[in-house]
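What Swiss-Prot says about this protein:
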{"type": "ACT_SITE", "residues": "Lys204", "note": "active site, proton acceptor"}
{"type": "BINDING", "residues": "Gly10, Ser11, Gly12, Asn13, Trp14, Gly15, Ala153, Arg269, Lys296, Gln298", "note": "NAD(+) binding site"}
{"type": "BINDING", "residues": "Lys120, Arg269, Asn270", "note": "substrate binding site"}
{"type": "MOD_RES", "residues": "Ser154", "note": "phosphoserine"}
{"type": "MOD_RES", "residues": "Lys289", "note": "N6-succinyllysine"}
{"type": "MOD_RES", "residues": "Tyr326", "note": "phosphotyrosine"}
Amino acid sequence: MAGKKVCIVGSGNWGSAIAKIVGSNAGRLAHFDPRVTMWVFEEDIGGRKLTEIINTQHENVKYLPGHKLPPNVVAIPDVVQAATGADILVFVVPHQFIGKICDQLKGHLKANTIGISLIKGVDEGPNGLKLISEVIGERLGIPMSVLMGANIASEVAEEKFCETTIGCKDPAQGQLLKDLMQTPNFRITVVQEVDTVEICGALKNIVAVGAGFCDGLGFGDNTKAAVIRLGLMEMIAFAKLFCSGTVSSATFLESCGVADLITTCYGGRNRKVAEAFARTGKSIEQLEKEMLNGQKLQGPQTARELHSILQHKGLVDKFPLFTAVYKVCYEGQPVGEFIRCLQNHPEHM
């Protein structure tokens, strides 16, 4: 039986870090095709195409410099060509681009293709919240799983020990995806609550922006711990309101929940940029250009999408931390007033 073909849709720093793992495992395990395709948004780097650099030097010099990708990972600039014949699609692009990518892929996939989303964000549809895996699943007609956890891309690429969570309703598919992605230093737990796993990955970025504000304002560890805890409570409350399936508090104790929240509030890019925002007064857009090579920050966008949903449902008052992050980022509320917004939190009433 031929091995399952894998395509990685995306090649930013997280996409490239995952390509390193997937390429290595697919090259080693008989039940995967050793050739892994990776869709790369073509860019010009010093007069050379990024795909050409990746395919000759085996390194994504723009988004994951200093890390060699396995030679069996092949960069392809056309997403349809990259995905042709794939049995497993690994989605890892910024969430605002996923609609356009699905439109391009529609009608070009094999009958039994499955997908896994590593994308942290939510989509705000006409009827409220839509998870990214739902958007992909509906548009492409494929079953979707998710992978979320305390996984800062550079540390995963450096093969430092960490854990992650796969949310998958089908145990056999869950095992297949675990085989594809687990390594001695990238340990995976599979749970069936796909919605809860995914919502953790989206919402923690909002909390991390709040944690960054605390750092930028010089508020110290007690305040930051309170922000993280209140953020976790809002994450759980939001999940219970909006997830269609079961939401058990135990899932928040997996890597996708509290672990991802902690690492993002201490080390992630949302925190770093929010700290600079509080310190310098520069706009988020300006800081994205300066600090992230122009890559988009997920936290503020997710806060905006959530705010629109909460307004629609008349629930803004129940989520003061999420609301404060939105107001500071989009309505010009002074960042110095961030903590005041938390002093009458429903948790304290």
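Each residue, glycine too, has its Cβ placed from N, Cα and C.
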Review point. Taking each of Ser154, Lys289, Tyr326 in turn, which of these modified residues have a Cα lying within 10 angstroms of the Cα of Lys296 (NAD(+) binding site)?
Key: Lys289
Practice item. List nothing but the one residue from Gly10, Gly12 whose Cβ has the fewest other Cβ atoms within 10 Å; the candidates are the binding-site residues. Key: Gly12
Check your understanding: When you average the Cβ positions of Lys120, Arg269, Asn270 for the substrate site, which other residues in that chain have a Cβ within 8 Å of that mean position?
Key -> Asn205, Ala208, Thr264, Gly268, Arg271, Leu297, Gln298, Gly299
Exercise for review: Measure from the Cα of Ser154 (phosphoserine) to the Cα of every one of the recorded positions Trp14, Lys204, Asn270, then give the nearest.
Suggested key: Trp14
Review point. Which one is it: of the binding-site residues Gly10, Gly12, Ala153, whose Cα lies the shortest distance from the Cα of the residue listed as 'active site, proton acceptor'?
Key: Ala153
Check your understanding: About how far apart, in whole Å, are the alpha carbons (Cα) of Arg269 (substrate binding site) and Ala153 (NAD(+) binding site)?
Key -> 11
Review point. Within 10 Å of the residue listed as 'phosphotyrosine', Cα to Cα, which of the binding-site residues Gly10, Trp14, Lys120, Ala153, Asn270 are there?
Key: none
Study note, to complete from the structure: Of the recorded positions listed (Ser154, Asn270), the greatest number of other CB atoms within 10 A surrounds the CB of Asn270
Check your understanding: Whole-number Å distance between the CA of Lys289 (N6-succinyllysine) and the CA of Asn270 (substrate binding site)?
Key -> 14
Practice item. Using only the Cα atoms of Gly10, Ser11, Gly12, Asn13, Trp14, Gly15, Ala153, Arg269, Lys296, Gln298, which the record gives as binding NAD(+), return the largest interatomic distance in Å, rounded to a whole number. Key: 18
Revision key, fill the gap. When the recorded positions Lys120, Lys204, Lys289, Lys296 are compared by other Cβ atoms within 10 Å, fewest goes to Lys289
Check your understanding: From the Cα of Lys120 (substrate binding site) across to the Cα of Trp14 (NAD(+) binding site), what is the distance in angstrom?
Key -> 11
